[in-house]
Amino acid sequence: MPKRLDINTILVIGSGPIVIGQAAEFDYSGTQACQSLKEEGYKVILVNSNPATIMTDTATADKVYIEPLTLEFVSRIIRKERPDAILPTLGGQTGLNMAVELAKSGVLEECGVEILGTKLSAIEQAEDRDLFRTLMQELNEPTPPSEIIHNLDEAYGFVNEIGYPVIVRPAFTLGGTGGGICHNEEELIEIVTSGLKHSPVTQCLLEKSIAGCKEIEYEVMRDSNDNAIVVCNMENIDPVGVHTGDSIVVAPSQTLSDREYQMLRNTSLRIIRALGIEGGCNVQLALDPYSFQYYVIEVNPRVSRSSALASKATGYPIAKLAAKIAVGLTLDEIVNPVTQKTYACFEPALDYVVSKIPRWPFDKFESANRTLGTQMKATGEVMSIGRNLEESLLKAVRSLELGIYHLELDHLKELDKETMKKRIIKADDERLFIVAEAIRQGVTKEEINEWCEMDFFFLQKVENIVNMEREVKANVGNMEVLQTAKEMGFSDHYIAAAWNKTEREIYDMRKENNMTPVFKMVDTCAAEFESATPYYYSTYADENESIVTDRKSVVVLGSGPIRIGQGVEFDYATVHSVWAIKEAGYEAIIINNNPETVSTDFSISDKLYFEPLTIEDVMHIIDLEKPEGVIVQFGGQTAINLAAKLEEHGVKILGTSLEDLDRAEDRDKFEAALTKLGIPQPVGKTATTVEQAVAIAEEIGYPVLVRPSYVLGGRAMEIVYRQEELLHYMKNAVKVHADHPVLIDRYMVGKEIEVDAISDGENVFIPGIMEHIERAGVHSGDSIGVYPPQSLSEKLKEQIIEHTIALGKGLNIVGLLNIQFVVFKDQVYVIEVNPRASRTVPFLSKITGVPMANVATKVILGQDLVEQGYGTGYHPEEKEVYVKAPVFSFAKLRSVDTTLGPEMKSTGEVMGKDLTLEKALYKGLVASGINIPTHGSVIITVADKDKEEAMEIAKRFHEIGYNLLATAGTAQSLTEQNIPVQVVNKIDSEDYNLLDIIRQGKAQFVINTLTKGKQPARDGFRIRRESVENGVACLTSLDTTRAILRVLESMTFSAHSMKEITQTKRHEVVHA
């Protein structure tokens, strides 16, 4: 069927900010969809609130709106633009929920807008647990015994009938938010209450736990002619019970017999047909390992995290084709973009094994509960490709960016059998490593299978790795053993340690013996047809399929998995850099390992290598391609950390030299450079021992800011108020020694300013200066940023511009630099300089229209700023106000403290723009998920040092009609200031207390600041966590609170009696 001609304009709904459960995969799918629709001649309008994405670039769609994804704002855009149709299935759960809301509000009907791809009835049938169960019964497809519940009493009824354990699945939520497995009544109360709160329709499905079954996923496509295919099937190494986003996944499935494969394939196709989905869909199934009994777990009637993985695993671009199907094209009409010969109705075939391992944020949140269940906790993931599962798995392990090069962790070697058993049964992020350790210690596969029901096939693969370790250790210097180890994916790093040599020695030994990997192509058809895709993976085999051209090439290093501190912003910069390299006439080669991102879409670069970002894996590619050089500026700390080793191998680092990178990162060299340039910085010194640290802190005076050198996202950074806190930090947060010094600075409580600039060594161009709402001390990634600055005097702005230009030239920066300043007592100090792309590059690029990563790349390739039409100086400021607001995923991470500080905690960001600061802030806050009601109650519990500041805030809340609630101490201070307040009981009270008010939704805001100078009081922690669990905005910074007040005041009309007004005027006359 040809494409539809009765529609011209299509609105694509994006997925909003990155949160746990919804990461960069929707930037990839949304970008693909917009391009796909434009190819077909449609006018595309995009709405998304996330400025850090390629999707929100003006070139992606005909019109791009960066606005909050709420009914209020999306309706406004629909009424203004009058699209013929909307496509919500590429915007994740956010897009689907938005479509349902728009339909129910009547806006779509009012404006005559049709939903494309998946009909509203199909969305509701798949997402509403009750409707889905009914449909499965009609199809005769088995689902676990279950019950839809709307309150706790109904939950008790089901459990009494079926017994524990039961799984709670809330309706219309993302990444299993609010759900979990209940083994007893206490867990049932907690999880059901949470699930009902998080479900927008207050509905949960309770089902008998089938934990222990194999979890299998099918990624299926269907068109309007009822052609349906399986793009890829995947198997979770972790049995049912762990969310698929937190599971280690392999593709294609490894343990299914042909009969099982066909049985589940037929079921998946039957379900997509019954739902009438036109596009992509993900079906999750559970299979009993001892019989042919299976269950349908759930269906995602949209493009998902799994479809991004399936696209990258097979090379089959699901989102691109789903968009074409949505406008009426059929699979047998669409040419497969990979082979450019076959049609999209051919099911992909794989002649390799793909492994995906999630990347969790537990290195950031030491206190988080690491147990894995049905609620997702990973922020991102890595993927790797190999010719066997062992190779694929070990490549994925070293892609995780955790400093791990093998399936072993030193701290697990001490575990006894009982502890290992407990942790394997319970399942946490280290389970696979513990399985390997158990096998090393002689535990049998039978015992491990009994503990966690992991399939014997996977346990055998882990045992193969362990047996190979023994071989390697017993045969030092043996080339045959080395060859076998390399074929199994062992790293040079591991072999070097086993043979007591350096990694470089092993690398040289292999080269002398012609033991190097070849590169194979990902072609969707297992080499059955010739393919045109330049998409490769390494393996130890015979024939190399990556043909080196005679064009000059440049390698760009990607940023690896999405994690806190290094998000999709770096992928944005990477993609723009690749485009600039191509524009400059070079061949652009990218190395990355994140299946969710735009940079790993094979159509972006001239060549894509899907490989771990380690020195060994990167050097294999450089040895083959012999590029002009490597760009490390855009891949975050991942790429910067490889620069020194690459240079040791004789590789040219393009842009800022290694020496100058080091000068910005090394404390003493940086201090010397600032002194020479006459630029002030907070007093600080470097410590290499605990004793030194104590002495420095005494000399500088508390409070001090302590952090390790070479970090991203403020990892292990803290503000310390006294000596015992410093000792606690030195013991628990860092391992200090000569190679890993700790930086200790005077902590200045001032206004923080952030600047991004581009330097060519002679000229320094500054696209924008941003002001942070939160004072210095809150990580820049967690602060609300405002552009242009609202409270900087011209004199201070001039100082900042002068310092930026001096730093760009003085540090010999070629490319991008990011500087953080603090304004303290009307003086500008430099806190730090990052000689690379920062997380504000996409935000500023979009606002100012300066494509920063593109310009910087051309500078790196030798085209100076003047040639590109830019000179030295500050870009004229925009008239509108733009706000970048952080977005957190605290609801997914139990027992993590939500207090903001110097260590980054946000997972994503949104943008608000309007004519005034108040309006822009309102949009930014609403887009980030904070509800801003114009009246209600606010709970105030603050530390003594904040009481004075809190009084002014409380007074302003009172004046706009808010009801104030406070515990005795704060209430007394308020009463003394004649501010009406209601006293509430502290949380340790048996009577109705502060936590009850939060639980019952009787407070709209909670203001809670930390008591400094002692370990965080558990009371404060419980108040903050209770707020998160119950969806109440908890403000831990008084600066953020003031920003919200500005918005509330701008939305509220004043109401004063005439007498008050005349009294005020009389007072003014008397004192005039």
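Cβ coordinates come from backbone N, Cα and C, glycine included.
Since this is a predicted model, take the numbers as computed values, not measurements.
Residues or ranges marked as region 'Carboxyphosphate synthetic domain' in Swiss-Prot (evidence: sequence analysis): 1-401. What Swiss-Prot lists as ATP 1 binding site is R129, R169, G175, G176, K208, I210, E215, G241, V242, H243, Q284, E298. What Swiss-Prot records for Q284, E298 is Mn(2+) 1 binding site, and it gives sequence analysis as the kind of evidence. Taken from Swiss-Prot, the feature Mg(2+) 1 binding site covers Q284, E298. Taken from Swiss-Prot, the feature Mg(2+) 2 binding site applies to E298, N300, supported by sequence analysis. For E298, N300, the entry in Swiss-Prot reads Mn(2+) 2 binding site, with the evidence type sequence analysis. Residues annotated as domain 'ATP-grasp 2' in Swiss-Prot: 671-861. Residues or ranges marked as ATP 2 binding site by Swiss-Prot: R707, R746, E752, G777, V778, H779, S780, Q820, E832. The Mg(2+) 3 binding site annotation in Swiss-Prot covers Q820, E832. According to Swiss-Prot, the feature Mn(2+) 3 binding site maps to Q820, E832, an assignment based on sequence analysis. Residues or ranges marked as Mn(2+) 4 binding site by Swiss-Prot on the basis of sequence analysis: E832, N834. The feature Mg(2+) 4 binding site is assigned by Swiss-Prot to E832, N834. Per Swiss-Prot, region 'Allosteric domain' is recorded for 930-1072.
Sequence features annotated in Swiss-Prot and their locations in the structure.
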| residue | record | Cβ contacts under 8 Å, 6 or more apart |
| --- | --- | --- |
| K208 | ATP 1 binding site | P144, P145, S146, I162, G163, V166, I167 |
| E215 | ATP 1 binding site | E235, N236, D238, P239, V240, T244, S247, Q284, L285, A286, I297 |
| N300 | Mg(2+) 2 binding site | A126, C281, N282, Q284, S306 |
| E752 | ATP 2 binding site | E771, H772, E774, R775, A776, V778, S780, S783, Q820, F821, V822, V823, I831 |
| N834 | Mn(2+) 4 binding site | A664, L817, N818, I819 |
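Cα-Cα distances to R129 (ATP 1 binding site) place E298 within 10 Å, out of the binding-site residues E298, R707, E832.
The binding-site residues recorded for this entry are V242, R707, E832, and the Cα of V242 lies nearest to that of E298 (Mn(2+) 1 binding site). Pairwise Cα distances among R707, R746, E752, G777, V778, H779, S780, Q820, E832, the recorded ATP 2-binding residues, top out at 18 Å. Between the CA atoms of V242 (ATP 1 binding site) and R707 (ATP 2 binding site) there is a gap of 35 Å, rounded to the nearest whole number. Summarising the environment of S780 (ATP 2 binding site), the number of other Cβ atoms within 10 Å of its Cβ, over all protein chains shown, is 25.
With a cut-off of 8 Å between CB atoms and residues at least 6 apart in sequence, the same chain places I819, Q820 near E832 (ATP 2 binding site), listed in sequence order. In the three-state DSSP reading, E832 (ATP 2 binding site) counts as strand. For the binding-site residues Q284, Q820, the ranking by surrounding Cβ atoms (within 10 Å, all protein chains) places Q284 first. Counting residues of the region 'Allosteric domain' (930-1072) by DSSP class, helix then strand then coil, yields 70 helix, 20 strand, 53 coil. With a 10 A radius on its CB, E298 (Mn(2+) 1 binding site) counts 17 other CB atoms from all the protein chains.
Taking every protein chain shown into account, R129, R707 are the binding-site residues, and of these the Cβ with the most other Cβ atoms within 10 Å belongs to R129. V242 (ATP 1 binding site) counts 25 other C-beta atoms within 10 Å of its own C-beta, drawing on all protein chains shown. Across the residues of the region 'Allosteric domain' (930-1072), the predicted structure has a mean pLDDT of 84. In the three-state DSSP classification, Q820 (Mg(2+) 3 binding site) falls within a strand.
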